[in-house]
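Trainee: Let me give you the structure first, and then I'll get to my questions.
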Amino acid sequence: MTSSEKNQGNPPAPPPPKVTFGRRTGSGRYVRYSREDLESELGNVDFSKYVVQFPLTPDNQPMDVVPLDPAVSDKAVDGCDDKVPAAKTKATIDRRLRSMTWGAAGEFDYNQLLFETKGTYGYGNAIRAEEDEAGDGEDRGEPKDFVVKPWRPLTRKLKIPAAILSPYRLLVAVRIVALSLFLAWRIAHKNQDAIWLWGISIVCEVWFAFSWLLDQLPKVSPINRATDLSILKQKFESPSPSNPTAKSDLPSIDVFVATADPVKEPPLLTANTILSILAADYPVEKLTCYLSDDAASLLTFEAITEAASFASVWVPFCRKHRIEPRNPDSYFSLNRDPYKNKLRPDLVRDRRRIKREYDEFKVRINGLPESIRRRSDAFHASEELNASSVEPAVKIPKATWMADGTHWPGTWNIPAADNSRGDHSAIIQVMLKTPLDHPVFGGGGGGAVLDLSEVDVRLPMLVYVSREKRTACNHYRKAGAMNSLLRASAIMSNAPFVLNLDCDHYIYNSQALREGICFMMDRGGDRVCFVQFPQRFEGIDPSDRYANHNTVFFDVNLRGLDGLQGPVYVGSGCLFRRIALYGFDPPRAKNHHPLHMPSPDLSISSNTSKFGNSIYLLDSIPVTEYQGRPLADHPSVKNGRPYGALIFQRDPLDASTVAEAIKVVSCWFEEKTEWGSRVGWIYGSATEHLVTGYRMHNRGWRSIYCVTKRDAFRGKAPINLTDRLHQVLRWATGSVEIFFSRNNALFASPKMKFLQRVAYLNVSIYPFSSIFLIAYCFLPALCLFSGQFIVQSLDITFLIYLFVITLTVCLLAILEIRWSGIELEEWWRNEQFWFIGGTSAHLAAILQGLFKAVTRIKIHYTLTSKFSGGGDDNNVDDEFAELYVVKWTWLMVPPLTIILINLIALAVGMSRTLYSIIPQWSRLLVGVFFSFWVLAHLYPFAKGLMGRRGKTPTIVFVWSGLIAITISLLWVAIKPPSANSRIGGSFSFA
């Protein structure tokens, strides 16, 4: 009877076993995964090593290797497909093992085992080599190249360890309970001797508890994220049968850079930012840079022209040697060895040549103002000479002239009609044309600066834009400039993603754009409206006196928001989805309608009342929506696009396209449209970035916080006290404007999560804490003046509550430092400057916000000066010279008054206690403690007033002294001392 006849009537054989995969945990236990697990949510785990687990034999025992008799080698065995092949010799097995791939470090490449196989010979086969059909025992084949690869995500969440997060949440709950019990006890136990002190303190403490709760609740679910750039390259830039040359299938990105004043924002600073963008590690044909010059300055225009010329050698140099950072000013100012970990032997020679080219480039940039002035004077003299022969005499306005002998259409050095900062024509100039879609290698001839024979010398497209301005139109500052760029870029390049940078923020990590795109192209990325990067700053004093790094906000608050609906938009370093800026809702799995298909709510072609009268602009909307979709490479991607859809050559720009772009940046284009109200950057606030992000979250979009290992962007921050206070004033005023507008989070839609709404409410309400903070800062002085305290007596209950509340604050700060990675000094600096800002800029912001809400009068703000250095890098005094400059501002008066009042109160309180008949030391100690608490928070402010050599403006001390004396005399008039009071020995009040 044959084997097939014996098997008739028997139950079917079980399916062959599958190879399972797993990883070894820290305890030594193996966690197993099947291929289905890898394609599920477990794919978010970072498998740094794969361990192949071989299943046991059917009797649940380890399989024994038994030599087979060649005579029965063709006999069928249970558990195998058809038959067991003949036993192999030791040499054959060695050859088979050698056929597997080994890594460069001598480690076995476990990735080859990530597939399922049938049990062809024994259990747990991971790979099978092709054998000679003649059965001579020689292995002539190689392992099969398996086409099907497991799906892997581009990003993953890295949760905070429970050992840190659980105690953190528990402490938050404990402090909430402690604050509730403390406030209840304080309300129940009034101080009858000083009811007014008790009332002021109760109101302030209730507000502080409410404000702390608003700030703390959105931070209870922080998360970290990580990207995998190797998977991004594998998915979008790997060769395939349809793409043998591995052209990039990544979506395009338009980078917006904004500048508004060539004096406060030096052209050299802007040029370096442009150069870092052009040298970014992103497909050249997919990148376009737009510069918005809101001042329409010829100085900025010619500086960008020089930058485009210098980019022809700088960008290939960056690609050839893979240098970081790719801002030439920062690169040549590095304090570390620039040749470390660089393998090319010609780096030293190339760097020396590029350094010489950059020095010449800086000389040309710095000489542009004088060059433009001399040129304009020469042309003006020629015009006057020609006009002198005409009768009657004509007065020729002194124009600003371009190098080609024509009038500059923007702002002239001596303003004139139609050529001033607020009244000029629109200007669009393509500095670098659209690149080809294939690499173009340079040469290595004797006349070349560098040997670029193996380097792609293409440059991204660069466009200079200055929108039209007229005196009769409202231009809405930065928000209006960004909306003009949004429309112009839609006509000229129409990238589905937009990166927004300030002119002083350059790309510090050349792969930052790729990391941001990972979140947009990952599963679920079509619901992400923007990816916010943290802002990092250079040129700040080592002690960070005024908390310019703002690490508590960027590393604590925004990480907490990332666990909710996403971080807020902070104004720069943000990668947007263009379709979200257009005011559309996020796609839904059930009722989403693609923009290129008929839909009752997305009638693009007839929606001119929303986007304006431009057919080019309207036609670009469905195109950018489609190009921004993630790849449809996973069953859960419901709104994806096929691979290869973005592999095409962009059409070159023609005259009609540029003319249409000029049209959409005119000052009249936004009339009777929804630009600024529902579309683009939102108008009506000094902090337009907050309102713009709020509107997106309110429509149901979510955002992502991307913290890269190497800082993505770096910029400049004002280290001068006056500039820093004015910056905080502008932010706080914008928050007050939001509170008194329809963008208040109290009116948010149900699409916004509750804790996200709490976070936005805190953003708009935090300036009002200054009223209660200033009142609380005067309480210690009032206690010392009066000899009373906020409680009737210092009993044990009050001290226990005070100890518990203080202890929980300290423990929460320690845990925040643990899960965020900030330092204790940074946390303390943030507390100090919150105190300084709350007693100065925030109070002024409330007054300005109320004034604008009542009168509807526009408030003008001063642009923050970007200090670009200029001293010797090795001279610390010159590098931080701006730190010691003291400039008069009314914002300095309130905090200095608080300092003087508390110092006077300390002297009065100590004198009263020392010379009192019955000294009350306990009340003195408590009053002194709280006064020192106030003074410790204001110490950086007092140190800043001293300047480098104590050169504080006299008016500051005069006004502060007058206010302090007035308050002291007012107090004496309200409550004069008794006749038996003795202060200062025998001296007594009459």
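Quick reminder: no glycine exception, Cβ is built from N, Cα and C everywhere.
The structure displayed is predicted, hence computed values, not measured ones.
Not my notes, these are from TrEMBL:
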type     : residues               : note
REGION   : 1-26                   : region 'Disordered'
COMPBIAS : 1-10                   : compositional bias 'Polar residues'
TRANSMEM : 168-188                : transmembrane segment
TRANSMEM : 195-214                : transmembrane segment
BINDING  : Lys264, Glu265, Asp294 : UDP-alpha-D-glucose binding site
BINDING  : Lys478, Asp502         : Mn(2+) binding site
TRANSMEM : 765-786                : transmembrane segment
TRANSMEM : 798-821                : transmembrane segment
TRANSMEM : 833-851                : transmembrane segment
TRANSMEM : 896-918                : transmembrane segment
TRANSMEM : 924-942                : transmembrane segment
TRANSMEM : 954-974                : transmembrane segment
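Are these features on the surface or tucked inside, and what are their neighbours?
Mentor: Residues 201-202, 205-206, 209, 212-213, 216-217, 220, 791, 797-798, 801, 804-805, 808-809, 811-812, 815-816, 819 of the same chain lie 6 or more positions beyond the ends of the transmembrane segment (168-188) yet place their CB under 8 Å from a CB of it.
Using a Cβ-Cβ cut-off under 8 Å and counting only residues 6 or more beyond its ends in the same chain, the transmembrane segment (195-214) has close neighbours at 176, 179, 183, 186-187, 758-759, 761-762, 765-766, 769, 772-773, 775-776, 779, 782-783, 786, 788-791.
Here Asp502 (Mn(2+) binding site) comes close to Val257, Ala258, Gly571, Ser572, Gly715: these same-chain residues lie at least six apart in sequence, with C-beta atoms under 8 angstroms from its C-beta.
When Cβ-Cβ distances below 8 Å are used as the criterion, the transmembrane segment (798-821) is approached by residues 160-161, 164-165, 167-168, 171-172, 174-175, 178-179, 181-182, 185, 216, 219, 222, 555-556, 559, 791, 827 of the same chain, each at least six residues removed from its ends.
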Trainee: Under 8 Å between C-beta atoms and at least six apart in sequence, can you list the same-chain neighbours of Asp294 (UDP-alpha-D-glucose binding site), or say none if there are none?
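Mentor: Once residues fewer than 6 apart are set aside, Asp294 (UDP-alpha-D-glucose binding site) is near Ala258, Thr259, Ala260, Ser466, Arg467, His475, Arg477, Lys478, Ala481.
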Trainee: Among the binding-site residues listed here (Lys264, Lys478), identify the one with the smallest other-Cβ count within 10 Å.
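Mentor: Among the binding-site residues Lys264, Lys478, the lowest count of other Cβ atoms within 10 Å belongs to Lys264.
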Trainee: On the Cα atoms of Lys264, Glu265, Asp294, which are listed as binding UDP-alpha-D-glucose, what is the maximum pairwise distance in Å?
Mentor: 13
Trainee: Near the Cβ of Glu265 (UDP-alpha-D-glucose binding site), how many other Cβ atoms are there if near means within 10 Å?
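Mentor: Step by step: centre on the Cβ of Glu265 (UDP-alpha-D-glucose binding site), count other Cβ atoms within 10 Å, giving 25.
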